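Visitor: Marked as signal peptide by Swiss-Prot on the basis of sequence analysis: 1-34. Among the features that Swiss-Prot reports, disulfide bond is placed at 127-164, with the record citing sequence analysis.
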């Protein structure tokens, strides 16, 4: 018996064979290759948790920064306003510098202008970010791994980690410390809201707040855990907390970044 194949039939099967070969070729090739995933974090460790900037300072203030990684990073510095977005009348130097593995450097913050009140603190933010290298940079350590693994598939994840720390501009006439006045905070309850009034000229940065035997989530007041000078803010209370007299306890973070004593009041 003789079979007759049309020209169109042969062309179609030839096309199908070539098409499937092109699809399967990368998979067969990948099976013989290694797939490597690595992650490099670019972060900076600071020697302080906050900066107290005397309003009359001319020379500015400085702080130490450390590269905790075992590879070099770039460090980017800038000062922002209280909203963490608007520019601030301060200059951080150097604005961009290299910090080798395990090494420590210093950043200086200097005021460049601005009008600040004389009767209370003002809040700015010093933001420090670890910056990874661009592909092709001489100091990019991943280039060496790429050359040694040309036959492998490499996924190198670079994580840039930034942090913003409080820059508290303090007038010279404020002789006391925040922890010396933290006991003057006024607390009261309004339904499921715990409200605090700050009659002092200092930013009060809370470490902990508890009402009765329940800890209050400071994040419920927003992204920050402080109350501004001569201002008020609210914290959400647990829904199951009954409205009855209770003792409130609070601690603040002092100028050194440590916990204060426990302050108490009845509300």
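The backbone N, Cα and C atoms fix where each Cβ goes, and this holds for glycine too.
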Visitor: Give me the non-local Cβ neighbours of residue 127 (disulfide bond): same chain, 6+ apart in sequence, Cβ-Cβ under 8 Å, ordered along the sequence.
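Guide: Counting only residues 6 or more apart in sequence, the Cβ neighbours of residue 127 (disulfide bond) under 8 Å are 77, 78, 79, 80, 84, 162, 163, 164, 165.
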Visitor: Give the helix, strand or coil assignment DSSP yields for residue 164 (disulfide bond).
Guide: strand
Visitor: Within 10 Å of the Cβ of residue 164 (disulfide bond), how many other Cβ atoms are there?
Guide: 15
